[in-house]
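Contents: one structure, followed by commentary.
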Amino acid sequence: MVVGTGTSLALSSLLSLLLFAGMQIYSRQLASTEWLTIQGGLLGSGLFVFSLTAFNNLENLVFGKGFQAKIFPEILLCLLLALFASGLIHRVCVTTCFIFSMVGLYYINKISSTLYQATAPVLTPAKITGKGKKRN
């Protein structure tokens, strides 16, 4: 199911806001045990993915189709936002959020490159079959 850029912007912005609010509401519970701090990092990684999607959709609406997110400032800004939100819960959440976000970013980049990257034909130099210098 494919939605338009504007709809995707609205959905990802709403999900980012709800995820951030949920992380803040349940911050005491998320910081209570080891497994829940890992879950807090996973939620922070989800916040990273949704905020990156919203940010890139906004850029596509403003600058036109085909605009791609770069490491600086888009990815770095969204990563810092997610790490800050995870840091408000627990220090371990920051570490797990960073790890989960990097894994998620790797797979997002891998999927994006297979779908949207244009493959250029490989040019091989032609073999010259003419008279060259004679060797004595």
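Every residue gets a Cβ built from N, Cα and C, even glycine.
Swiss-Prot has this to say about the protein:
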{"type": "TOPO_DOM", "residues": "1-5", "note": "topological domain 'Lumenal'"}
{"type": "TRANSMEM", "residues": "6-23", "note": "transmembrane segment"}
{"type": "TOPO_DOM", "residues": "24-34", "note": "topological domain 'Cytoplasmic'"}
{"type": "TRANSMEM", "residues": "35-55", "note": "transmembrane segment"}
{"type": "TOPO_DOM", "residues": "56-75", "note": "topological domain 'Lumenal'"}
{"type": "TRANSMEM", "residues": "76-108", "note": "transmembrane segment"}
{"type": "TOPO_DOM", "residues": "109-136", "note": "topological domain 'Cytoplasmic'"}
{"type": "MOD_RES", "residues": "Thr124", "note": "phosphothreonine"}
{"type": "MOTIF", "residues": "133-136", "note": "motif 'Prevents secretion from ER'"}
Close approaches to the topological domain 'Lumenal' (56-75) from elsewhere in its chain (Cβ under 8 angstroms; 6 or more beyond its ends): 5-6, 8-9, 12, 105
For the transmembrane segment (35-55), distant same-chain residues with Cβ under 8 A (at least six beyond the ends): 8-9, 12-13, 15-16, 19-20, 22-23, 27, 29, 69, 74-75, 77-79, 81-83, 85-86, 89-90, 92-101, 104-105, 108
Counts of helix, strand and coil residues, the topological domain 'Lumenal' (56-75), according to DSSP: 13 helix, 0 strand, 7 coil
Number of helical, extended and coil residues in the topological domain 'Cytoplasmic' (24-34), per DSSP: 7 helix, 0 strand, 4 coil
Intrachain residues whose Cβ lies under 8 Å of the topological domain 'Cytoplasmic' (24-34), provided they are six or more past its termini: 40, 43, 85, 88-90, 92-93
Number of Cβ atoms other than its own within 10 Å, given for the residue listed as 'phosphothreonine': 6
